[in-house]
Amino acid sequence: MLLLQSILITKIMVIQLILFFEYALASGFEDKNILKEGKMMFDTLLKQFLEIDKVISLLYKDFVDNYIDFKNLEIVKIKKENEIENKLKSLLKSENIDYALVVAPEDEDILYNLTKIIESYPVKNLGCSSEAIKIAGNKYLTYLAIKDAVKTPKTFPPKKYVVKKIDSCGGKFNLFDENFLIQEFIDGENLSVSLIVGKKIHPLSLNRQYIDKRGFVGGEVNINHKLKDKIFNEAIKAVKCINGLNGYVGVDVIVNNDGIYIIEINPRITTTIYGLKTNPSLAELLIKNANNEELKFKVKGEKFTIDK
C-alpha cells in the first residue's frame with residue numbers, strides 16, 4: 001500500500017514544462033488585426049496549458065504586463081523581432097522542456113524556420129513537422145499534393161502573369177510576379193474542418209467561416225450539416241496526402257452543388273480554436289497525441305466574431 005502511494009505521489013509531482021508562444025505577440029507585430037487573432041489563439045491555449053503544468057513563453061516587451069500575474073507562467077521578454085530565434089535556441093538548450101508549440105504564419109518561412117529549430121532539440125513538437133509545413137504552407141505545392149485525391153480549384157503555376165480587361169485600350173494591365181498564383185474562383189459555403197492528426201486522424205469539428213471584404217471576421221464552430229461526414233472524409237483524404245502533418249490542422253473547404261472543394265490546408269493552430277470547446281481540452285489532446293495515446297473527446301462549439 002505504501003509503495004502504491006509513493007508511486008502515485010511521484011507521478012503527480014512530475015512537472016511537465018511546455019514551451020508555447022504566438023509569433024505576433026512575441027514579435028510586436030504592428031498589424032492590429034493580426035495581433036487580435038494572435039491573442040485570441042494564444043490566450044485560449046495558454047489557459048489550457050497552464051491547467052496542465054508550467055509554461056514558458058516568449059512575449060514582446062509591450063505585452064509582458066498583460067501576463068505578469070499568471071501563475072506557473074515564465075515569460076521571456078523580447079525587445080526586437082530578430083531576437084526570437086536566438087531566444088528560442090537558448091531556451092531549448094538550457095531548459096528541460098518536454099513539449100513545444102509555436103503558433104506562427106507560414107509567410108517568409110517563419111513557421112518553417114521556427115519548427116526546424118524545435119526539431120533540432122530533444123523535445124516533443126506538438127505541431128506539424130517542418131517537412132509538412134514546407135508543402136502545406138505553399139499554396140501551389142499543396143495543390144500538387146492533393147489534386148489527384150480530392151476536388152480542388154484549378155490552379156496555375158506561380159510565374160509572371162498579366163491581367164487586363166477584355167475591352168481595354170491604352171495598354172493598361174496589372175502584372176503579377178512569382179509570388180502570386182492564379183486559381184479558379186469557387187463560389188459556395190465557406191467552411192473549415194478542425195482535426196487532430198497523429199497515428200490516427202481525428203476530425204474535431206465542422207465550422208462555418210464568416211468572410212467579407214475585410215477577410216475572415218469570425219465563425220461558428222461545430223455546426224451540423226447534411227454533408228458533414230462526407231466533408232470530414234474529404235478533409236481526411238487531403239491530410240493524408242502530406243506527410244508530417246501533426247497535431248492541430250485546419251482544412252478550408254467550399255461546398256456547392258458541384259461538390260466539396262478542398263481550398264487550403266493550414267499546418268498550424270487557427271483562430272477557430274477560440275470557439276472550439278473540447279473535453280478534455282485541446283491542449284491536453286495535443287499532449288496525448290504527442291505521446292501516441294488514444295484520443296477520446298467530446299466537442300462543443302460557439303459562435304465568435306473578430307472586430308476589424
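Residue numbering: from 1, along the chain as shown.
Placement of Cβ uses the backbone N, Cα and C atoms for every residue, glycine included.
Over in Swiss-Prot, the protein carries these features:
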BINDING   115-192  ATP binding site
BINDING   Asp252, Glu264  Mg(2+) 1 binding site
BINDING   Asp252, Glu264  Mn(2+) 1 binding site
BINDING   Glu264, Asn266  Mg(2+) 2 binding site
BINDING   Glu264, Asn266  Mn(2+) 2 binding site
DOMAIN    89-291  domain 'ATP-grasp'
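Structure coloured by features recorded in Swiss-Prot.
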{"residue": "Thr115", "record": "ATP binding site", "contacts (Cβ under 8 Å, 6+ apart)": "Val102, Asn125, Gly127, Cys128, Ser129, Ser130, Ile133"}
{"residue": "Ile135", "record": "ATP binding site", "contacts (Cβ under 8 Å, 6+ apart)": "Leu141, Thr142, Ala145, Ile242"}
{"residue": "Thr155", "record": "ATP binding site", "contacts (Cβ under 8 Å, 6+ apart)": "Lys139, Tyr140, Tyr143, Lys147, Leu181, Ile182, Gln183, Glu184"}
{"residue": "Phe185", "record": "ATP binding site", "contacts (Cβ under 8 Å, 6+ apart)": "Pro153"}
{"residue": "Asp252", "record": "Mg(2+) 1 binding site", "contacts (Cβ under 8 Å, 6+ apart)": "Asn190, Leu191, Ser192, Gln209, Ile262, Ile263, Glu264, Ile265, Asn266"}
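Counted within 10 Å of its Cβ, the other Cβ atoms near Lys165 (ATP binding site) come to 9, all protein chains included. Listed binding-site residues: Asn125, Asn266; maximum Cβ neighbour count within 10 Å falls on Asn266.
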